[in-house]
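Accompanying notes for the structure given below.
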Amino acid sequence: MPSSGHRLRDVEHHPLLSENDSCDPAASSPAEADAADRVWFIRDGCGMVCAVLTWLLVAYADFVVTFVMLLPSRDFWYSVVNGVVFNCLAVLALSSHLRTMLTDPGAVPKGNATKEYMESLQLKPGEVIYKCPKCCCIKPERAHHCSICKRCIRKMDHHCPWVNNCVGEKNQRFFVLFTMYIALASVHALVLCGLQFIACVRGQWTECSDFSPPVTVILLIFLCLEGLLFFTFTAVMFGTQIHSICNDETEIERLKSEKPTWERRLRWEGMKSVFGGPPSLLWMNPFVGFRFRRLQTRPRKGAPEFSV
């Protein structure tokens, strides 16, 4: 357990419990014990709109690539190969998005900052731990409170509205895969758009697509703009995330210029801790560790996440 001097540098930390402090037992539900059997979902209006918009934009790109550019093509293998590649990237990107959105990012159990729990920790004399007054939990090192998730998140990097969730200790890997696959799909779509424009200019516009020339041009232009925006955003985020993982430093810690009170991992050790195990193709698979969960609604007092 770190010393009080280390803890006092984080303005979000407060000393745990004094004689007059208490935590509401209702803040912690028995459902915390079986959190692994629940799907994590944040009920945030802005986040849900952004998440749905992300899926719609990917669906639009898939529609234009498939029905405007590939199916009308006379080159069979060109259509098949590019169709398979683009749709695989889209499926992997959306799967990574779902895993990021529906995975507990590393939330600290609510309401565990009780005297009974403190006694069970068997602390040494003079040892100091801290609680979050907002969610009434014992705050681990490198955890930060998210005002949107209403929870303290271990190794919280940031809250991303596009995945309607925090990026933290348990779902950072899926967020990295999401940004990578979206960036690759965007590059692929931009290349196909360029080839389509060349083919239409060299040939007949009425023959290069099943849609009318004006509609085809508008669809391709919108896809190019979407591809450029998506690629720019996700490529920057991907690079930032890899840099943070290699330096064993979250975005919040970097912005706050926090001096590390923990032993930094080496670059490959940091990558292995996030992606799991030694380097392999499994690092690229967003389905690793996936299992179906039984749908079971459990209303929870004062909690922002929707449990199923």
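Any Cβ shown, glycine's included, is placed from N, Cα and C.
Automatic prediction, not curation, is the source of TrEMBL annotations.
If you look up TrEMBL, you'll see 48-70 (among others) marked as transmembrane segment.
According to TrEMBL, the feature transmembrane segment maps to 76-94 (among others). Residues 55, 58, 61-62, 65-66, 70, 177-178, 181-182, 184-185, 188-189, 192, 286 of the same chain lie 6 or more positions beyond the ends of the transmembrane segment (76-94) yet place their CB under 8 Å from a CB of it.
The domain 'Palmitoyltransferase DHHC' annotation in TrEMBL covers 131-257.
The transmembrane segment annotation in TrEMBL covers 174-198 (among others).
Long-range contacts of the transmembrane segment (218-238) within its own chain (CB-CB distance under 8 A, at least 6 residues past either end) are made by residues 57, 60-61, 64-65, 68-69, 176, 178-180, 182-183, 185-187, 189-190, 193, 196-197, 211. Sequence annotations record features per position, and here TrEMBL assigns transmembrane segment to 218-238 (among others).
Same-chain neighbours of the transmembrane segment (174-198): 58, 61, 64-65, 68-70, 82, 85-86, 89-90, 92-93, 96-97, 99-100, 103, 160, 163, 167, 208-209, 220, 223-224, 226-228, 230-231, 234-235, 237-238, 241-242, 245, 274, 284, 286, counting only residues six or more beyond its ends whose CB sits under 8 Å from a CB of the stretch. In the domain 'Palmitoyltransferase DHHC' (131-257), helix, strand and coil residues by DSSP number 71 helix, 18 strand, 38 coil.
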